[in-house]
Amino acid sequence: MSNNTSPDLTDNNDNPYGYTPTFWICVTFITLFGITTAIHLGQALLIKPRQYWLIPTTVLCGIGEILGWSGRLWSNKNLENGNAFMIQITCTIIAPVFLTAAMYNILGLIIVVLGNQYSRLKPKTYLKIFVATDIFSLVVQAVGGAIASIAKTNSASNLGSNILLAGIIIQTVGLVCYTILAFEVILRFWFKKPLSSGPAKTTSSSQTSISEDVFKTDSIESQNDTPAVFSTKIKLMVLALALVTVLVFIRTFYRTVELSGGWQGRIIRTQIYFNVLDATPICLALFVFNVFPPSILLGREGVKY
């Protein structure tokens, strides 16, 4: 290293990690991410009605994590390889963006079921705003990763790191806003405090596709404007979404602190922090959506929204 702030990705005598990625941990996470990704793909394609939106969200997140951990496995065999290092850091930073896109979509679907009158925004507006935020943060992170990967000087490497950090912060702001709005929707529905005096959620002609599967046990459907209630399936979906949100927050907070400390910071150069606070939360989040699959809990609503 020529100084204490940037990883030297061109010097074969240096170690950009500060440690050697453990072989069995790399294999374990590649396997786990492979399993959950395969399950998500199967749930998207095989469970009717098919939820194709899971492919560019949860499936793509899993693929990104697999690539990232493959880079770490490569580094285990060739520690000074700058390409392997940049593959792992770029992919593991970017991949969760696709998971948050799934979260935003699921929130919109839940709002469709519970009733728009409890939400400050229309369901599709949530999707447009927060996915746009995700895409913007993704572009920023990709630019930062690209700059860091081709950096020949410490200043250029630091610039890439700072841009990556900016992308993470943008994603965090979007996540905070989403959480506040989602919490408000659930509270307003629970306490029956709608923002508007519009009609309660019913089986109107524009929404006759509201899943009978979703409300099979706690039927809200009638011909006389009976308001929506929580079904067991929707409760489980809300619970899963809340748990995944907490896990993503843990990971995002870790990444913010990690990148804030620079390439030579103690956190980024300590392997256990990465394994426990980055890989584990995202892996668990993907498995949560396997156990509580939107394709089953949201039923036909997921393909009409």
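Quick reminder: no glycine exception, Cβ is built from N, Cα and C everywhere.
Remember, TrEMBL labels are computer predictions, not curated facts.
Straight from TrEMBL, the features:
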TRANSMEM  22-41  transmembrane segment
TRANSMEM  86-114  transmembrane segment
TRANSMEM  126-151  transmembrane segment
TRANSMEM  163-187  transmembrane segment
TRANSMEM  236-254  transmembrane segment
TRANSMEM  279-299  transmembrane segment
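When Cβ-Cβ distances under 8 Å to the transmembrane segment (22-41) are tallied for each of 86-114, 163-187, 236-254, 279-299, the top count falls to 279-299. Among residues of the same chain six or more beyond the transmembrane segment (126-151), those with a C-beta under 8 A of the stretch's C-beta atoms are 6, 9, 82-83, 86, 89-90, 93-94, 97-98, 100-101, 104-105, 107-108, 111, 119, 157, 159-168, 170-171, 173-174, 177-178, 181. With Cβ pairs under 8 Å as the measure, the transmembrane segment (279-299) is packed most heavily against 236-254, out of 86-114, 163-187, 236-254.
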